[in-house]
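Student: Sharing the feature lines straight out of TrEMBL:
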{"type": "ACT_SITE", "residues": "Y174", "note": "active site, proton donor/acceptor"}
{"type": "ACT_SITE", "residues": "K202", "note": "active site, schiff-base intermediate with substrate"}
{"type": "BINDING", "residues": "V245", "note": "pyruvate binding site"}
Amino acid sequence: MAFSSRLTSSLRPALAALRWAAPRRCRGLSTPQGSEPSVNLGGIFPPLATPFSPTQEVDYAQLEGNLRRYASIPFRGLVVLGSNGEYPYLTSRERVEVVRCVRRALPRDRLLLAGSGCESTQATIELTVSMAEAGADVALVVTPCYYRGAMTTAALVHHYTEVGDASPIPVVLYSVPANTGLDLPIEAVITLAQHPNIIGIKDSGGDITRMGLMVHKTKQEDFQVLAGSASFLLASYAVGASGGVCALANVLGDPLCQLDQLCRKGQWQEARDLQHRLIEPNTAVTRRFGIPGLKKAMEWFGYYGGPCRAPLVPLSPAQVEELRSTFSANGWL
């Protein structure tokens with residue numbers, strides 16, 4: 001890590017100069033004919049759950065087993081070390097090793113997004129460099145939030161600009177107010193979208209008006225908006241989102257990829273019917289029961305869920321039954 005820090009410091013001015021000198025490209029409906037995003041984020045990304053053994057050690061064999069099962073699903077790529085990967089509970093060594101493990105198993109035509117956000121700018125840069133060295137294609141950087149009262153637009157723009165300048169790989173912003181208590185201000189998003197190494201945002205807040213405005217205000221930039229939940233995926237596509245990072249894709253990956261395709265083909269009635277059936281199961285494995293619910297549901301669909309790492313606790317028998325009923329009532333079990 002110390003070597004990475006020294007390397008980053010020495011290369012930062014050159015990286016910044018090269019990136020800011022690079023030509024900008026537009027995206028979406030306003031993109032000039034023949035122009036494409038620098039990295040195409042269009043599609044579904046499951047934010048992988050991290051498997052643990054009964055003794056709460058990272059179980060790399062089970063992770064590889066889940067990856068083999070996911071290989072047949074047409075995901076655009078995978079997200080590792082997001083909120084659903086129990087990222088805050090992993091050591092720095094574990095975080096890097098998980099990325100290495102996933103990179104070894106993942107086909108090169110699928111993107112690997114790795115969470116690298118830390119509370120300080122320096123630590124974020126160091127971990128981002130380590131993620132790039134481990135094989136990540138894109139860094140997913142959550143908003144620092146411990147001193148949230150001081151996280152003004154100016155502070156966040158400075159933080160992400162420093163990370164974008166130093167990162168050897170493209171950066172995607174990550175706003176998840178349910179966990180951080182902090183919405184990345186839309187003014188900051190619009191400013192940061194102009195940075196040549198910041199290519200998008202995963203927005204998990206669920207405010208469709210906000211998402212549509214971000215798409216509209218950044219349409220002249222090489223910048224893509226990703227929905228952070230399966231519950232509002234269709235609505236996000238309707239206002240111009242490029243793809244989705246959806247916890248439910250760990251469980252129902254094929255249906256979410258089907259919803260993605262229906263939206264892209266303009267088959268809105270079929271898409272609406274499918275979206276309706278996904279809302280309650282998604283709410284159950286996110287807001288209602290969280291990661292313990294997600295891991296329990298994974299087991300019903302042939303994946304390894306296993307235990308969470310303490311202090312997260314497993315579901316009670318009554319909660320398990322409620323979760324199962326939610327999937328059954330919507331035709332998934």
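Cβ coordinates are placed from backbone N, Cα and C, and glycine is handled just like the others.
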Student: Using the alpha carbons only, what distance in Å do you get between the residue listed as 'pyruvate binding site' and the residue listed as 'active site, schiff-base intermediate with substrate' once rounded?
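Tutor: Rounded to a whole number, the Cα-Cα distance is 7 Å.
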Student: Please report the number of other Cβ atoms within 10 Å of the Cβ of the residue listed as 'active site, schiff-base intermediate with substrate'.
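Tutor: Neighbour count, Cβ to Cβ under the 10 Å cut-off: 27.
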Student: Roughly how many Å separate the Cα of Y174 (active site, proton donor/acceptor) from that of K202 (active site, schiff-base intermediate with substrate), to the nearest whole number?
Tutor: 5
Student: Give the number of CB atoms, excluding that of V245 (pyruvate binding site) itself, located within 10 Å of its CB.
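Tutor: Result for V245 (pyruvate binding site): 29 other Cβ atoms within 10 Å.
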Student: Within 10 Å of the Cβ of Y174 (active site, proton donor/acceptor), how many other Cβ atoms can you find? Include all protein chains, please.
Tutor: 28
